[in-house]
Amino acid sequence: GLFVTDYFTRTPRKLSPFRSFASIELFHFHIPEDTVIAVWNLITFKEQGGTFGDQCPDRSITVYFRSGAPSVINPLHTHFPRDTAVPGSFALTLTWTLPNRTTGVFNITSPLPGDWFLAAHLPKDEGKISVKGLYEECQYLFQPQLIVQRLVNIAVLYPGHVTEQSLAPHNRSCLYKVFVPSYTSRVLVEVLQCRGAEGCPLWLRVRAKAPPLHNSTTLDCREHTPCQLAQDLPFWQHWYYVLVEKHPGVLGTVSFQVTVQLTDCSRPSLARPPFLPSSASMNMPHSFGSAGGLALGDSPPPTSPNDTKHPVPIPVTSHAGERCWPVRPTLRNELDTFSVHFYIFFGPNVSVPPDRPAVFVINLLPVLDSGGVLNLELRLNVSSLCGENVTVFGCLNHEVPLTSSDNSSVTCETESLAGFLLSVNATASLSRLRIPYPQTGSWYLSLRSLCAAEHGFEPCTNVTAEVYLRAYLSPCINDCGIYGQCKLLRTNNYLYAACECKAGWNGWGCTDNAEAFSYGFQLLSTLLLCLSNVMFVPPVAIAVRSHYLLEAAVYIFTMFFSTFYHACDQPGIVVFCIMEYDVLQFCDFLGSLMSVWVTVIAMARLQPIVKQASVLYLLGAMLLSMALQMDRHGLWNLLGPSLFALGIMAVAWTARTIRRRHCYPPTWKRWAFYLCPGVLIAAAAVLLYAFVETEENYFYIHSIWHLLIAGSVGFLLPPRAKPSRHLGPLPRRKGCGYQLCVNEQEELGLVDPAVASINSICTS
């Protein structure tokens, strides 16, 4: 055949350590029909500070693949909520082959067409809280590329028509496809009049949606006469691919005929006519009460298969389960994103008769509905059972209803079909099913009522069970509970929802409490973070005593908003918010930085040098507000104003040292008992905040940060300034030279100079 190659790529994205599904990177691809091979080229590289991260450690990268919807992953092996079905997916781990780059390849032969999703993440880390901008962070970038090779002009088989084909010596196989419309219960493929070799050295393979593989449904025509391959309960509204392949070692030309027969389940004794008007396609039943009133789907638009002849009648044997029942549609009511309710006409209470199943269809829109959770709830009305031991079984299947007539069967699976089983009875009258990230398309729910017997179940007599049926689409499972937050995420034009858990809770719905914080621990951590701000009371008292009223007001502001910000910032249920979270956070950060600013400006003692020192306080408030608005967690946006204040203090101290010709402050007691301890305490607080704090120790390390910062302010705040007044002339000793007068009490800050007598030390 003729092959066409398509190439798709996505923009590189930064990967994050796995904490929940909200921390993964999701990539969306679309594989066209008739694709015979798909190759994903997975490119990963490191960056650090805008250059290649050769010094970054090697961290393994896990990539998940799934068709139809995003993967439901569980790398931390947490527990899923009850009644949750977990669909499977492929997983691949990438290892590093070069210092800063690695490439992985993932091949899929004959992939399913439609939407494919890739999810990638790094391993879970220790949860270190790093200061933004303190050092160059290692970034791991991931870029997937997709190359597909698809066949064009595949021959189309039409039901009831015979197609002749010859396989030349250099050809090993021939591929066909046939469209299976709705309400088809059986697909029968047959190879006729095989000539050109001894026996019929051909393999017949059939597969739905994509070309057959080596493990697809296969029949050896050399061992079976006639060569017929049947598929019961085929997928509706999909292409079925038929591959006829020669045995190895056959050198000559092999000629054969191939034909396909579709059985209409509303009329099991008749084969589906080859052509119908296009208006009959995808019609719903004409009547809910009659099983024979089903409309027939039409065949696809005609193309040019190889040598198509007139229909040949093929006898069709009636099989058990080929009869299909009316399918009741549901009404779709969209309330919000991933908030959709499916209402049943004349529902929500439905009657399940004893002699036939009740079938309903739920249609999920492509792409739009696969990012949520499909919820199904069955509640049995026990009073409708009339004392009988009745069990109502429900089978939820994708793309085809499972309505077997075998009354003893209570499974929802066949050789080629798998579904979900629900059951309700008088003892357990409620059953739920949750499917995260469901595949889109049609989901069929078949309800059957059976009565318990000695050896299984048997049909009930004259008992019509009544069941309350509720089906809806939600963003998350139970809105993630009280210890989680349901987040709406987006990757390009695709939306999906995921839970982000807190307070040590984990799992898909934040229901795994293996590492959860107890209520006592949550209360203790909240009290530690809040009450540690009481350490600002001594600096406030010192500031008021020294007549630093502006500084005292800033400390009170910081203490108040830091207390209530941490009371609102808790991850658990011990939370108390007096304002919006963003307002409290801004005020807490502003108060903390203003405390540093006013303390450093007060230490500079600018009043004798700059008459209007209050201008610097106002300037600092404006600069810090601007920096916080630009980036609340940026290092240099916050460190810049602090360094500016330290520069002002350094200039003021240098000027005073030059003017007095003596180091300022001049006494060793001021350095030994106040400045050095204050600087050491502040440095210890900064080191703890920047390098030690993690998510696990945040509660007590950040509380220690509060204590140290408030304690350092008490040491660094200068003593009360000397009041401006004229001192009388000091006695002068006889002799020549100059006189240097030092006010010892003012420099030490030990005694109020307004009360104590002034001792001047004069040196000639």
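Numbers here mean position along the shown chain, with the first residue as 1.
The backbone N, Cα and C atoms fix where each Cβ goes, glycine too.
Annotated domain 'EGF-like' per TrEMBL: 499-510, in sequence order. Marked as transmembrane segment by TrEMBL: 516-536, 548-567, 573-597, 609-628, 634-655, 671-692, 698-717.
Counting only same-chain residues 6+ beyond the ends of the transmembrane segment (516-536), those with a CB under 8 A from a CB of the stretch are 483, 503-505, 555-556, 558-559, 562-564, 566-567, 569-575, 699-700, 702-704, 706-707, 710-711, 713. Shown for the domain 'EGF-like' (499-510): DSSP residue counts in helix, strand and coil, namely 0 helix, 4 strand, 8 coil.
Tertiary neighbourhood of the domain 'EGF-like' (499-510): same-chain residues 19-22, 72, 74, 76, 78-81, 84, 436, 476-478, 480-481, 483-487, 516-517, 522, 571-573, selected by CB-CB distance under 8 Å and a gap of 6+ residues from either end.
Outside the transmembrane segment (548-567) by six or more residues, the chain places 526, 529-530, 533-534, 536-537, 539-540, 575-579, 584-585, 587-588, 591-592, 594-595, 598-599, 602, 614, 617, 702, 706, 713, 717 with a CB less than 8 A from a CB of the stretch.
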